[in-house]
Amino acid sequence: MTDLRDKYLARINDASEEAALEQVRLDAIGKKGEVSLAMRSLGKMTPEERQVEGPRLNALKDEITSAIAAKKAALEDAALEERLSREWLDVTLPARGGAGGPARGSIHPISQVWEECTTIFGDMGFTMAEGPQVESDWYNFGALNIPDYHPAREEQDTFYMHRGEGDDRPAHVLRTQTSPVQIRSMEEHGAPLRVICPGRVYRADYDQTHTPMFHQIEGLAIDRDLSMANLKWVLEEFFTAYFGRTVKTRFRASHFPFTEPSAEVDIQCSFEGGTVKVGEGDGWLEVLGSGMVHPKVLQAGGVDPDQWQGFAFGMGIDRMAMLKYGIPDLRAFFDSDLRWLRHYGFSALQVPTLRGGA
Ligand code: DAH
């Protein structure tokens, strides 16, 4: 019995890996293990012998079982220690080089164009403002002189937030345009004012040129004696900086509830060979809506329309990115396809400059 004990405790002690330990377990207390066989032979003993041998064998079995468990835990700890020291990683090291150089993320075209636009307008004295994406009915529509019956409010365009049963206050909406930031900026800063408001907007629409979420950039300038001429100058200055070449514009009379007069602005481009080239040719492409801020809108923002005038404009950031970087399908912007991002993305170090990226 002491032989058995010494033998197996020694083997357990010597086992250097889990497989060896398992073998010891089988040899000692497995079905055909030595200790198990000894226990089975208890039946052939005299009751007296059994009374002595039985408890001894049981104690031996328990001792071996716990010795194995302890050794197993020790082996696992050692394996973990070993792995931790082997897989040690210095997170302060530079990114590991892949096949094509250092592994890197890239700046999404939307972020790039967002930065380019705010940089250019910033240089013209516009400060940046942002507003909430979940907007009240008042800011998104009412304050912008969009009456209740206006088709823009209809369900197919606007995402309405759910209201509780019996709660008949006007619903909040996912803002359908960045124009509500005009009102918020007027309320916050009063006149005079020059702000540029980039942000996400939402409409229930989906095809090659429409996605339910997209990006707009809104501009608002309020001062004494502002006119459409100032608007035209600012926009032409912007397009020239943005596209890196002189871009002719064409103002077409239009209608928006929040401006009077209103104009849609086209930029000069050619469509030859199936690609759009801005700043050449004799074609026109509509890129934004604009106008002189409606007196009711100034009033809604707390600005006296007898003292101040303003011009405003709104354009699609995604559209501007497609035009400048030759990206054909809007939906791909939001697919998170790495191949697309590698192709159209920008280096994180390529900081937009006033005339950058042209
Ligand atoms: N909010 C308009 C839209 O989403 C765009 C727009 C038109 C903005 C005229 C303006 C503006 O500020 O003056 O279609």
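Here, residue 1 is simply the first one shown, and the rest follow in order.
Using the three backbone atoms N, Cα and C, a Cβ is placed for every residue, glycine included.
Automated prediction, rather than curation, is the source of TrEMBL annotations.
Among the features that TrEMBL reports, Mg(2+) binding site is placed at GLU260. Taking all protein chains in view, 15 other C-beta atoms sit within 10 angstroms of the C-beta of GLU260 (Mg(2+) binding site).
Computed over the domain 'Aminoacyl-transfer RNA synthetases class-II family profile' (125-352), the whole-number mean pLDDT of the model equals 92. The annotation domain 'Aminoacyl-transfer RNA synthetases class-II family profile' is assigned in TrEMBL to 125-352.
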